[in-house]
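Novice: Dropping the structure in here first, questions after.
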Amino acid sequence: MGVCQSLLTSDSEVREQYKVSRAIDKDLEKKSDYLEQKILLLGPGESGKSTVLKQMNFYDEIDRISAPSYVPSSADILHTRVPTTGVVRVEFVLKNIKFQVVDVGGQRSERKKWIHCFDDVNAILFIAAVSEFDQKVVEDNATNRIDEALKLFYDIANSKYFRPASLILFLNKIDLFRKKITNVFISDHFTDFKQENTYENGMLFFRKKFERLILDNAKRAYVHETCAVSDTVQIVLNSVIDTIVQENLKDTGMI
């Protein structure tokens, strides 16, 4: 099992990522005028998937949205508020590539629909909200939400359907997690947590819980600590997209 954690925080890291991104852009222009990548967005209910999808949905209109005079339109507001009930597809073109992001409902009743999204998936983007370590799922009001996410991640990471796909894990809502642990103890909900109740210890604890679930030693997981409502998630998403493109170009022999 290989795991790559990426947090792009310093100016030098951002500049380096930009250089890598530009190099990929130029390579793609030489090798193909049209590529397609399919990303399956998975995770339990209320993990923040819809917010991540909203960020991706704005890629095609980045110039308008980033303008100083930008005022959200009614359509923009609608995109931020629609819950995921069923299968939602968002398409955008970035880096000379057509991306199709398939978001499926995170509630238990919606998961049976995922089987229809399995064909030709290039990457799995799994979202888990680490801030919900003290909360229960709405379906039974008994199962811990992190435990629910872990079970789902195990099924996805080890599924034969997703074996060729890149695996990316977003440990999401880190801003809420950082605030919560100032007065909520992780050990009250996870008895195997023995460390001091700090942000760093907590994130490491939960990250390892997910990492250990990957049974295939050759499977690589790219782990990102994210706050989907902040601007920095766009940097992370760009890094994710570059990773997906690079891995799939290698698989096809294009690089």
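Glycine too: its Cβ is placed from the backbone N, Cα and C atoms.
Copied straight from TrEMBL:
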type	residues	note
BINDING	78-84, 103-107, 172-175, ALA228	GTP binding site
BINDING	THR84	Mg(2+) binding site
Novice: Can you give me the same-chain residues 6 or more apart in sequence from ASN172 (GTP binding site) with a CB-CB distance under 8 Å?
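Specialist: Spatial neighbours, sequence-distant, of ASN172 (GTP binding site): SER47, GLY48, VAL52, ILE127, ALA128, ALA129, VAL130, SER131, THR226, CYS227, ALA228.
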Novice: Can you count the other CB atoms that lie within 10 A of the CB of ASP175 (GTP binding site)?
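Specialist: Step by step: centre on the Cβ of ASP175 (GTP binding site), count other Cβ atoms within 10 Å, giving 14.
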